[in-house]
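Chemist: As listed in Swiss-Prot for this protein:
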DOMAIN    69-438  domain 'AB hydrolase-1'
ACT_SITE  163  active site, nucleophile
REGION    255-329  region 'Disordered'
COMPBIAS  280-290  compositional bias 'Basic and acidic residues'
COMPBIAS  299-329  compositional bias 'Low complexity'
ACT_SITE  403  active site
ACT_SITE  432  active site
């Protein structure tokens, strides 16, 4: 009997596969499948065995196997494109399952089902943790192609992705026979020094958390302070100054909707009060202040001093009531200015939400993956235009002028490097995240492009399962994307 080819030996299973036995994050994605690739060699030379790759599909593959629409997710995304790009998915929309067989595959290093630091290493009988090898953008493309071929795909009609997903899309373009058209959004031909520096700053936040322990931590006791700080830093690069000023300015949170988080003990002395203000927002603070010499601002002598009449929490932004009889006039005059604002509240909320759905080692793994991205690497020239001169497939490049992470100039460079590219602008003041928020514009640009270059696919109608009603709900909050009003958190 003839041995199976690598493609034929790939099997499909679900999230209960042994590779996920310690991975709590995989349960966040419903109805996804997991492909198991028996053997896969990474660019770094390491060989992985029984490699899980998570994916979701919508629609039906046609008999020619050429109506595949591939969606590539961003850094913290998952295979559940219905969560982060739901308003674009459905009949009559850009990602129409009545025309396309839509596939979204999870990247290596992500905590959502594909091989990563949180998946099981059969050789060590533990999760990979910090020993998970470096996986590149090209590794993602190579292993994803195996899954698509196993699904019966003969050609990708269109590959679409933003940010990190756009990097995968650009790499897919080099598979000229397999890929018919691409739509890279808010991405780059090579990861810039600016982006590399932001990734480094975020990783250093994680490294500096004492709980990180070189990456050897329990999945239920990860370095949340460091990971949360990294997420805050990243969020600032995903938005714009204009976006934050317009939404927050110097407003303070509504205490009835956003109670003051992690309220500190009521200060009993001026020193204690200063300590409260100074450590507000410090997730690793002590319960009570303790000086380096072992003394405490709340010592008995301090409590008996005249200044101990300062007995209420200094203003931290939310309105508070104070018993005027407990404070003398000079204390009231010295009452400090607000130190807790809506912008801070939003960042802390997002950090808290993120650390409940992501893993620190995975964050490090994926940001290092981004750093490897360079479309010219190993292709004989440092000139993108030179290495891409023979890539004649239709290309739609979408960019955002307010994007400070993947600048509009970089989108212009992408469009100029392809022989057959069109550049369109997404009008948004939201910065980089505009590609996950401006659904109407993104949908319109992609549909116009499809009608021009995929008319044969668009004229076909295939059967498909009814979509979850929540997929197209623009008012629901996304787990992996940006579908939320950032002033209604």
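Note: Cβ is positioned from N, Cα and C throughout, glycine not excepted.
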Chemist: Rounded to the nearest Å, what's the C-alpha distance separating residue 403 (active site) and residue 432 (active site)? Just drop the number here, would you?
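Modeler: Checking the Cα atoms of residue 403 (active site) and residue 432 (active site) gives a distance of 4 Å.
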Chemist: Relative to the Cβ position of the residue listed as 'active site, nucleophile', how many further Cβ atoms are located within 10 Å?
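Modeler: Taking every protein chain into account, the count is 27.
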Chemist: Given residue 432 (active site) and the residue listed as 'active site, nucleophile', what distance in Å do their CA atoms have, once rounded to a whole number?
Modeler: 8
Chemist: Enter the number of other CB atoms within 10 angstroms of the CB of residue 432 (active site).
Modeler: 24
Chemist: Which number gives the other C-beta atoms within 10 angstroms of the C-beta of residue 403 (active site), all protein chains shown included?
Modeler: 26
Chemist: For the domain 'AB hydrolase-1' (69-438), what is the mean per-residue pLDDT, to the nearest integer?
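Modeler: A mean pLDDT of 88 is what the model gives the domain 'AB hydrolase-1' (69-438).
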Chemist: With H, G and I counted as helix, E and B as strand and the rest as coil, say where DSSP puts residue 163 (active site, nucleophile).
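Modeler: For residue 163 (active site, nucleophile) - judged by DSSP and reduced to three states - the answer is coil.
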Chemist: According to DSSP, which of helix, strand or coil covers residue 403 (active site)?
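Modeler: Looking at the DSSP assignment, residue 403 (active site) belongs to neither helix nor strand, so coil.
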Chemist: Based on DSSP, name the secondary structure state of residue 432 (active site): helix, strand or coil.
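Modeler: Helix, per DSSP.
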